[in-house]
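Data block below; observations after.
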Ligand SMILES: *Cc1c(COP(=O)(O)O)cnc(C)c1O
């Protein structure tokens, strides 16, 4: 059994029989010594879909040949360009088209959502978040608490991990909501935790949060394109995410935002801009803001068309693959990675990410067990650098974690076997 896991011929046969195998050829795989890298960093920067270049060049061509007319001329006029990504994006996140919009960057969208949905009062001033959140999220939440004149010491409640590997149980979340519920204005929670790779039950968090009288918003940076999120059914009030990780839309890509349909006509305050104004009267330019119903009403500016073009290409790939099939393949790939580690590498790598498939996405966070590496440095960084010199690309989190994320669109079992083989080679030499 163990040996068949490591049998390259058997692994190649499984890859060849995989129904999604063809998608790998639709991405630019970076090379190492003339052969593709084993690239496991799609949780940080997803690879470029080959279709992206044509989409970007189409915009450049339109600009060159049509200039201002490009706003109106088919195909793909710029005026309604965001709508070209809307339906496919709604599909990926399990939302209605009117609930999603591609705009700005993740942290900007988080602030815009908090402006509308975090309305603290003296009775209910607090936000519940996870301790150890991605720093930008913490900065955004802390600054929002301060902006409203409240004190992060008491009103930014950070829930500490209660499980051995730094993950958080649903029981702990429920207990925190029960304890602080009467003071909570909002809960902001990740879909998939960036450091541990833990996936959360969004629907249950939203249910508990709403029952306590709080607004519930999600940061899906590591969840979108990775796990099915069913945003509409989760009943979240809002969600934000970026498109450069599993969504493969390029560095600093235009981000995403979800506002639940029940808020489509909200009277909540918002920071407004002309692109959120009702489209029929936007160009009357009369100075009175009338919001477009739904998520599009939060747009500020006319969007960067060159930035949206790669997202179009990426969503075209996602539409053909489909999230259910991608998730099925992702479960297989990550289970294979886990099996290899458990079979041969358990003395070197400790899996931090939860073992239950429904509590994780593609990523496994691997703690490198203590020891000295080839160069006498701490083992973790030494192994990480060794892998990079062999064309195996993960990413590094201080002090001792390597994150390995097999992306089901372009990674295969052979990549995963290569990772395990190189870790074993390093261990043999160390
Ligand atoms: C990647 C990531 C960010 C990055 O924020 P930007 O505004 O896109 O720079 C923020 N939060 C989380 C949880 C992330 O994973």
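Backbone N, Cα and C atoms are what each Cβ position is placed from, and that goes for glycine too.
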**Site co-member for pyridoxal 5'-phosphate according to TrEMBL, given 106, 107, 134, 135, 136, 137, 219, 222, 274, 302, out of 118, 244** = 244
**Message:** Near ligand 1, which of the binding-site residues show up if the criterion is a Cβ under 6 Å from one of its atoms? Options: 134, 244, 302.
**Reply:** 134
**Asked** Across all chains shown, how many C-beta atoms besides its own are within 10 angstroms of the C-beta of residue 136 (pyridoxal 5'-phosphate binding site)?
**Response** 14
**Fill in**
Here the 10 Å Cβ neighbour count for residue 302 (pyridoxal 5'-phosphate binding site) comes out at 15
**Request:** Whole number in angstrom, please: the longest C-alpha to C-alpha distance across 106, 107, 134, 135, 136, 137, 219, 222, 244, 274, 302 for pyridoxal 5'-phosphate.
**Result:** 31
**Request:** Check residue 106 (pyridoxal 5'-phosphate binding site) against DSSP and tell me helix, strand or coil, would you?
**Result:** helix
**Message:** What whole-number Å value do you get for the CA-CA distance of residue 134 (pyridoxal 5'-phosphate binding site) and residue 245 (N6-(pyridoxal phosphate)lysine)?
**Reply:** 14
